[in-house]
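S.K.: The structure is given below, and queries will be raised subsequently.
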Ligand SMILES: Nc1nc2c(ncn2[C@@H]2O[C@H](COP(=O)(O)OP(=O)(O)OP(=O)(O)O)[C@@H](O)[C@H]2O)c(=O)[nH]1
Ligand SMILES: [Mg+2]
């Protein structure tokens, strides 16, 4: 059995594209008065600078729909909540109508999945009319029950944000969560800059709130919570390994290492989609090449497994021409973990896509893979 790195990389790309195409669309309403930081929040949480570069289209008098090609996300941005009681009432009606429209369409891709109501923490007074609005809204929304999260925007002062949060908590509003966020670093003075935060918490809460089938989409579109991506990706690895190798520890004939490949391709594809990065064939090929420690385009299945086997400390010799399910699981886990590390570092800007084929990056990926094999034994 021969394996060709270029073919495997192509298979990964095909699988990635298939998974992206199958992602459900996530729909979020973002409401709040003008200037509270809705657009800044959207650009902080989601990739592609959606609020600036997305296509906006008015859907009602006060609701604007923002979308962008190849981002499975629709944001409904509301306008005019600062304009007084009558307008606020109109907006409430428009939002409820929008929710019902999605509901009656019976199309999961059109349903509103969540509402973020943004309140400015930095404003000096608690906005009573906003609290009133949320109360009335949640009353109207009682039967439909679209989850509402209060986002405390511009929370440069964590102390003030906590006080505000405690106050809103004490009102016992039927909201899912109250999350302080600073969406952009805030320069207090030259010496002190408050760093953006809150993305991890907001995405974690969204992850608990949304249905299982929307989680891959959430991870794909968000960019503010790399830890949540890693956590999700680790889940993918665990599920892959449990589903494929744990049962019965069926030995894998090592002359047929290619049998492992479709499973690992699917795993790599799911992880890639969760990180939402632009990954091309070259990146995947470099990754595989670095792990296998060879530059040959075509490899015999047998020699690959023998080579990988040597990397497992104290694994002994291969007996009877097969590796156990346990060993297959170990190799697959290490592969997944090494790939997650690569994606994580790309996300954090520590490795550039153009540098992945460099000798340093390749050596490092191999080291990570070897470490994973060691740690997990
Ligand atoms: N430093 C810092 N500035 C922020 C933050 N959020 C908003 N701003 C600033 O506040 C101003 C208003 O923010 P926007 O995001 O445009 O507010 P908006 O709610 O979209 O406003 P409208 O579109 O007019 O309704 C901008 O100058 C932002 O840069 C933040 O978290 N940190
Ligand atoms: Mg805006």
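Heads up, the Cβ atoms here are built off N, Cα and C, so glycines get one too.
Note: TrEMBL annotation is automatic and uncurated.
As annotated in TrEMBL:
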- 28-154: domain 'G' (DOMAIN)
- 257-277: transmembrane segment (TRANSMEM)
- 284-305: transmembrane segment (TRANSMEM)
- 311-336: transmembrane segment (TRANSMEM)
S.K.: In the domain 'G' (28-154), how many residues does DSSP put in helix, strand and coil?
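M.R.: Result for the domain 'G' (28-154), in helix, strand, coil order: 49 helix, 36 strand, 42 coil.
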S.K.: Quickly jot the same-chain residues contacting the transmembrane segment (257-277) by Cβ under 8 Å, restricted to those at least six beyond its ends, or write none.
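M.R.: Residues 1, 3, 8, 11-12, 15-16, 18-20, 23, 47, 216, 219-223, 229, 232-233, 236-237, 240, 244, 284, 301-302, 304-305, 328, 331-332, 335-336, 339-340, 343-344, 346-347, 353 contact the transmembrane segment (257-277) from elsewhere in the chain.
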